[in-house]
Amino acid sequence: MLQTKNLIWTLFFLGTAVSLQVDIVPSQGEISVGESKFFLCQVAGDAKDKDISWFSPNGEKLTPNQQRISVVWNDDSSSTLTIYNANIDDAGIYKCVVTAEDGTESEATVNVKIFQKLMFKNAPTPQEFREGEDAVIVCDVVSSLPPTIIWKHKGRDVILKKDVRFIVLTNNYLQIRGIKKTDEGTYRCEGRILARGEINFKDIQVIVNVPPTVQARQSIVNATANLGQSVTLVCNAEGFPEPTVSWTKDGEQIENEEDEKYLFSDDSSELTIRKVDKNDEAEYVCIAENKAGEQDASIHLKVFAKPKITYVENQTAMELEEQVTLTCEASGDPIPSITWRTSTRNISSEEKASWTRPEKQETLDGHMVVRSHARVSSLTLKSIQYTDAGEYVCTASNTIGQDSQSMYLEVQYAPKLQGPVAVYTWEGNQVNITCEVFAYPSATISWFRDGQLLPSSNYSNIKIYNTPSASYLEVTPDSENDFGNYNCTAVNRIGQESLEFVLVQADTPSSPSIDQVEPYSSTAQVQFDEPEATGGVPILKYKAEWRAMGEEVWHSKWYDAKEASMEGIVTIVGLKPETTYAVRLAALNGKGLGEISAASEFKTQPVREPSAPKLEGQMGEDGNSIKVKLIKQDDGGSPIRHYLVKYRALSSEWKPEIRLPSGSDHVMLKSLDWNAEYEVYVVAENQQGKSKAAHFVFRTSAQPTAIPANGSPTSGLSTGAIVGILVVTFVLLLVAVDVTCYFLNKCGLLMCIAVNLCGKAGPGAKGKDMEEGKAAFSKDESKEPIVEVRTEEERTPNHDGGKHTEPNETTPLTEPEKGPVEAKPETETKPAPAEVQTVPNDATQIKVNESKA
């Protein structure tokens, strides 16, 4: 009975199971970590009111509408299990259980396998390393199964490079020992799982940073302060990435200030310091920095400074005071040396009696002592004299420059009087007695005569004029009583001083003495000695008197005393040849004409050839030209007709003889050879013949090798000046061409003007004779220089009937210089011959004044 009951129940359940068939689609599932997947539970059968439930691997019933593992009841016959973002813990057997209304259950299971795909967990890119370090390239790979890691660079397995620096570590990281900049690039970390045939890779960019290197272009930079100049400090920095450069001054960061004291270049590698002064002297450090590190370089800026006097002080002392000290302080770098000078002496450069360097220097007379220490110098004056007063200049000097400052020493002293004690004059002649006064403070000056203060009613012919440095007593003697002693007294708060002056009555001078008479044909030079007594006043003039033997009338002439006294000679002119004369002299001063000397007889020479002229040379500024002055001497009683000049370089042939008019007083020799010795011979010629040759020797300068450059920054010609020069040159060239056409072809603008305006004959007319006074001396077909001499009408009066010019004391032998007329030589292939200029003398002839004694 019991067995039958159990059989019935078994059949009942089997019938129910058949009626509820449960299936899960898909029947199995593999999910990669992080992926999502769903499973559908389907129920087949006629049962109603079924309940479909899902259970997790740990047996817990999954509730609907969960976020990550979701269960959704679709209808009476299906339900969906969805696993979002699966992880390893979600793996296991999930069960779908269907419960009928009668309580019967049916179920199905699905085995969910969750595996880890080959993924790169930690493989950042780029990865940066410092050059030279051991670099480890990180590549963390995660996978359910252990992967095989391969590293590639430039498409090749790094292991195959056979570079011992490349090592794959046990954690599959790639190590590069002592990584280099050339190792930079893309490295591929490739993972493989053989069981699944799975492969994945990650490209990692490897960057090798190079630590910066920095080098100062100059480790020491010199500059000068207070000149408004700028100085640039330069650092050359390299590295990767490009390093940033910053600057410090004595450890403090330098910023780009608003006043633009500091200026930086775009990459800050250059630091410009504007308006350098002494405060800018410091140690500057340029710091280059990037990811790989930093490096610095030092630059020492040395700022030199021109000396500057920072302290001087004026001093006051009393005469005969023991000593006084003047002090001078100066700044500058290098430390300046200080020297002292006055307006009359350079104290520091004088020979020293003792010299303890650098502290003490003493002058030979021991009056001044200079002490110097560092930037301070003092000048001590001993036994003060009034002459020590005045300006003292201290000068500070170093290699950069110098500075000077003046200070003043005041010396207070009693008056000191000076002046000519004896003063000469004569009755009616006004004279000043000068009393020079030296005093500090200023002195009051008084004049006395016989104890009586001047001026007074008793001395109406006396006036007094005072200046800061002297007092003048103006006396106009009326009688002998006005001559005698006068007293000058000066008083200040230090003391007083008096000086006696004597007013002496002047006399006329004594007679000059004639030493010798040098007669010529028409002139005579009288040598004399000045009078032994001048009478107390200067001699103003000399009077010469002469007459021919047998004549009663004396001829006379006045000569300026200064000119006559220079050589002690007066020249009398207008004499007749072969005639005996007597001559005598007298001197004139302010008092009057003195005694006349005894007469001295002489006889003039017969008419003869002239005396040789005196020659004096003056080199031209160009160095290869010379002006030879012709100083006319005695003409021998017959007018000089002309001068003959010849010259040559020593050891060379003579240049063609040059004929100069008698009025010429110099000749210009140009285009001479450089650094050559020349000799010049000049002969004067009159109707009687030629004089002896005057000889003159000179040497030209060495040829300059270069024209000195002008150092002035503003010496260059402006564009306008250059254009002006070119225009003037062009105009001169046109004029030269026109002049050439005029003289050679009788055509051109000048010829047109001459024909139409001046009435000159046309090109076909016969040329007129040359004007008087113009001559050209040349030889046909000669290559010798052509000398053209132009002068005004020569005055050549008949020697027998007219008077002629002789040198005298008022007309010097050298006659007035006139504008030169050049005589240019022809051009040859050899060096240009000398160019000769002559200057005529058109001075008015001196007319001899005759006066009777």
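Every residue, even glycine, has its Cβ placed from backbone N, Cα and C.
Over in Swiss-Prot, the protein carries these features:
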type: BINDING; residues: Lys152, His153, Lys154, Gly155, Arg156, Lys161, Lys162, Asp163, Val164, Arg165; note: heparin binding site
type: DISULFID; residues: Cys41-Cys96; note: disulfide bond
type: DISULFID; residues: Cys139-Cys189; note: disulfide bond
type: DISULFID; residues: Cys235-Cys286; note: disulfide bond
type: DISULFID; residues: Cys328-Cys394; note: disulfide bond
type: DISULFID; residues: Cys435-Cys488; note: disulfide bond
type: DOMAIN; residues: 20-111; note: domain 'Ig-like C2-type 1'
type: DOMAIN; residues: 116-205; note: domain 'Ig-like C2-type 2'
type: DOMAIN; residues: 212-300; note: domain 'Ig-like C2-type 3'
type: DOMAIN; residues: 307-412; note: domain 'Ig-like C2-type 4'
type: DOMAIN; residues: 415-500; note: domain 'Ig-like C2-type 5'
type: DOMAIN; residues: 508-607; note: domain 'Fibronectin type-III 1'
type: DOMAIN; residues: 609-704; note: domain 'Fibronectin type-III 2'
type: CARBOHYD; residues: Asn222; note: N-linked glycosylation site
type: CARBOHYD; residues: Asn314; note: N-linked glycosylation site
type: CARBOHYD; residues: Asn346; note: N-linked glycosylation site
type: CARBOHYD; residues: Asn432; note: N-linked glycosylation site
type: CARBOHYD; residues: Asn458; note: N-linked glycosylation site
type: CARBOHYD; residues: Asn487; note: N-linked glycosylation site
type: REGION; residues: 764-853; note: region 'Disordered'
type: TOPO_DOM; residues: 20-719; note: topological domain 'Extracellular'
type: TRANSMEM; residues: 720-737; note: transmembrane segment
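Note on Arg156 (heparin binding site): other Cβ atoms within 10 Å of its Cβ, all shown chains, come to 10.
Among the recorded positions listed here, namely Cys189, Cys235, Cys286, Asn432, Cys189 has its C-alpha nearest to that of Lys152 (heparin binding site).
In this entry, Lys152, His153, Lys154, Gly155, Arg156, Lys161, Lys162, Asp163, Val164, Arg165 make up the residues listed for heparin, with the farthest two CA atoms of the set 18 Å from each other. A sphere of 10 angstroms centred on the C-beta of Asn432 (N-linked glycosylation site) encloses 15 other C-beta atoms. Touching of the domain 'Ig-like C2-type 5' (415-500) and the domain 'Fibronectin type-III 1' (508-607) is concluded from the presence of at least three CB pairs under 8 A, sequence neighbours closer than 6 excluded. Mean pLDDT, taken over the domain 'Ig-like C2-type 1' (20-111), works out to 85 on the 0 to 100 scale. Cβ neighbour count for Asn346 (N-linked glycosylation site): 12 (other Cβ atoms within 10 Å of its Cβ, all protein chains included).
Assigned with DSSP, the residues of the domain 'Ig-like C2-type 1' (20-111) fall into helix, strand and coil as follows: 3 helix, 53 strand, 36 coil. Only residues 6 or more beyond the boundaries of the transmembrane segment (720-737), in the same chain, are considered here, and those with a CB under 8 A from a CB of the stretch are 748. Straight-line distance linking the Cα atoms of Asn458 (N-linked glycosylation site) and Lys154 (heparin binding site), rounded to a whole number, equals 133 Å. When the Cα atoms are compared, Cys96 (disulfide bond) and Cys286 (disulfide bond) turn out to be 77 Å apart. Checked against Cys286 (disulfide bond) by C-alpha proximity, the recorded positions Asn314, Asn487, Cys488 yield Asn314 as the nearest.
Note on proximity: among Cys189, Asn314, Cys394, Asn487, the recorded positions of the record, the Cα nearest Asn432 (N-linked glycosylation site) is that of Asn487. The Cβ of Cys41 (disulfide bond) has 27 neighbouring Cβ atoms from other residues within 10 Å, across all protein chains displayed. Per Cα geometry, Cys41 is the residue among the recorded positions Cys41, Asn222, Cys328, Cys435, Cys488 nearest to Cys139 (disulfide bond).
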